[in-house]
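Colleague: Okay, handing you the structure first.
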Amino acid sequence: MRTWEQSSLRRHAALCGDAPDGSGAAAADRLPALRACGPLRGRAAVSGIGGCAAAVPVFVPRLPSLCGFPPPFDGSADQRQRRPVSVTSIACPRRSSESVDPLALALAPPPDETPEERVQRERDEKEARHRSEMIDEQIRAERNAAAKKKPPIKVLILGQSQSGQSVHAHPDAKRWRLTLGALPPRQVDYDFQITHANSAWVEQRAAWRAVIHLNMVNMVNIICRIMGTEMEKMNASVPDPLQMEYEVLEDQVSEEQVLEDDDIEILSSVQRLSGASDDPNSEPEPASIPVSLKFTDTHHELKSALSPLLQVQADLESWLGQNRNRSELQGLATPFMDEEARDLATRRRNPTRPREFFVRSASSWKAAILAMGSSHETQEQNRERTVEVVKIIVGCKEHMIQLWTDTVIQDMLSNRQIHMDEQPGFFLNDIDRIAVEDYEPTDDDVVRARLRTMGVQTYRLVIEHGQERGREWIMYDVGGVRSSRAAWYPYFTDVNAIIFMAPISVFDEQLEEDYRVNRLEDSYILWKAVCSSKLLSKLQLILFLNKCDVLHSKLQRGIEVRRFVPTFGDRENDVPTVAKYFRSQFRDISRRWSPEPRGFYSFLTSVTDTKSTAVTIDAVREGILRNQIQNAELI
Ligand SMILES: Nc1nc2c(ncn2[C@@H]2O[C@H](COP(=O)(O)OP(=O)(O)OP(=O)(O)O)[C@@H](O)[C@H]2O)c(=O)[nH]1
Ligand SMILES: [Mg+2]
């Protein structure tokens, strides 16, 4: 039932020219809410009813939702048509200045209002007023929050491939999340939906499972291949039918020879260790094999039983976008310093370029592996194949364990000075846990997993507690392989700090993409380029001398730094001395090549060690924030 006021307003609207859509009359029906909006808003509303309903929301922004008004007049053709008839354009009795205020008239209680109607009216008004106050409160809170919102802090994580950038950056490992006291914001990046409390994590685990399976299978295949080479050598005069079968299988799997890259990485380090040829153009040769290795039929059978893993590796690599050969990873050491490469980087971001299947933020590899193909049919086939892949891995479990724990195989590896446990993505001690159908990766597995980043991955965190509450941290994890480095450049102008990862255990290793280049040397070149860049001259650089744990185990094994770094001289071959020496090298480069004086912040880290890294990250966070605040004050 309408109150007299509502009827009066409807009449008023009709008299003065209601909007064609009758919104004036509609507003009258919502009078209690209008009245609760206070005199100014109420007046605006009533004026609207008097021929300009469309203007009401301009004065009372929240009214459209509250009262069901049309949107504010924006001059669009649609709205022009619906615009109410002007008061002056129709025969409407004009009021003199002494005439009664229409609002007062409209709001006055009816002369014949019964006590029940009065009670009802007052109740309606009270309720509407309460709603209005709540909305006011909400608007105020939002305004205050917006005023307080701190600008995000953007951190770019650079370094050569396998330096630990992704381990350091990605929040799956909870490292930054825990240290910053942050939780992933609800609606942002797909990558950030990973949390144990979140059902998305279940799906993410499926993706990580594939990575870890690939890491494990990859190492088994490397061992089988080396074993095949050894067997071949020992029986040079007698062709081994199983080895031939194995090679045929390999050729079928990939024209590029799936294992070549990994093999070269391992073999090239063997070459350095055995003091083989220094000619940079010569292919690395494996060290000579002691004759004491006695392969039996069991080894032949093992190799044959494990051969399906070649195809498994090829499938997993393809799904994860890791099926790239070495030539595709090659490139200039510092293409981001080169004009042409900058153009190239811009062109690479051109969306018309055919899409490739590899790790990049726009098409997260996790999303890709979950989707597994574009068409429904392909997805189905791939899903079936995934189940098959897991079955094969589970079926090979005992053979894999047998291979890895075999004493002849262990001798073979140690004769070649190959230390699988120091290689990234080492899971051979966990086969019985990982090669099962219901395997679920742990946080530690995820930290240790190896997946090459191509392109850029973005991670976002929002601080949940303390003074920094509400501050967003954005971390850019870029691919460190040479072919990916041109993509770094666009990020240089838009970050607050750079964390540079330099693994110091790599003094005796070669680059995966170019085995002629020493990895430590490559890090120096990169660091020099970053320090000397004019674009980055004002930016805070933080150096992580990473993989200290691997350095420790290498020095423990008696590897002498001076053999690979002659300038190291006769210093003590222990971790503190070696780390100090490398740190001084990086500091000298920074001092010498920075266009402007800058502080040198460096940390010795093993980023796979979550606990110790948390302390470092805390210090880094403080440092970046302090710098940020100082800069803001200077501005
Ligand atoms: N032992 C040890 N392993 C590490 C450390 N940091 C990284 N790793 C391992 O090294 C491998 C490579 O690390 P990533 O973070 O993927 O390397 P990246 O720098 O992102 O390499 P790209 O993606 O190719 O640029 C992973 O298997 C990590 O688990 C460390 O401090 N100690
Ligand atoms: Mg990476």
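Placement of Cβ uses the backbone N, Cα and C atoms for every residue, glycine included.
Curation plays no part in TrEMBL annotations; they are all automatic predictions.
Feature table excerpt (TrEMBL):
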REGION    74-133  region 'Disordered'
COMPBIAS  116-133  compositional bias 'Basic and acidic residues'
BINDING   THR453  Mg(2+) binding site
BINDING   ASN546, LYS547, CYS548, ASP549  GTP binding site
Colleague: According to DSSP, which kind of secondary structure is the residue listed as 'Mg(2+) binding site' found in, if we only use helix, strand and coil?
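Modeller: In three-state terms, the residue listed as 'Mg(2+) binding site' counts as coil.
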Colleague: Other than ASN546, LYS547, CYS548, ASP549, which residues of the chain come within 8 Å of the GTP site, judged by Cβ distance to the Cβ centroid of those residues?
Modeller: GLY164, PRO503, ILE504, SER505, LEU545, VAL550, LEU551, HIS552, LEU604, THR605, SER606, VAL607, THR608
Colleague: Rounded to a whole angstrom, what is the C-alpha distance between ASN546 (GTP binding site) and THR453 (Mg(2+) binding site)?
Modeller: 18
Colleague: Let me make sure I understand the structure: which of the binding-site residues listed (THR453, ASN546) has the fewest other Cβ atoms within 10 A of its Cβ?
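Modeller: Each of the binding-site residues THR453, ASN546 was scored by Cβ atoms within 10 Å; lowest is THR453.
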Colleague: Please list, for the compositional bias 'Basic and acidic residues' (116-133), how many residues fall into helix, strand and coil according to DSSP.
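Modeller: Tallied per class, the compositional bias 'Basic and acidic residues' (116-133) gives 18 helix, 0 strand, 0 coil.
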Colleague: Measure from the CA atom of CYS548 (GTP binding site) to the CA atom of THR453 (Mg(2+) binding site) and give the result in Å, rounded to a whole number.
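Modeller: That separation, Cα to Cα, works out to 22 Å.
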Colleague: Based on DSSP, name the secondary structure state of ASN546 (GTP binding site): helix, strand or coil.
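Modeller: DSSP call for ASN546 (GTP binding site): strand.
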Colleague: Between LYS547, CYS548, ASP549, which of the binding-site residues has the fewest other CB atoms within 10 angstroms in the structure shown?
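Modeller: Counting other Cβ atoms within 10 Å of each of the binding-site residues LYS547, CYS548, ASP549, the minimum falls on ASP549.
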Colleague: Ligand 2: which of the binding-site residues THR453, ASN546, LYS547, CYS548, ASP549 have a Cβ closer than 6 angstroms to it?
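Modeller: Correct list: THR453.
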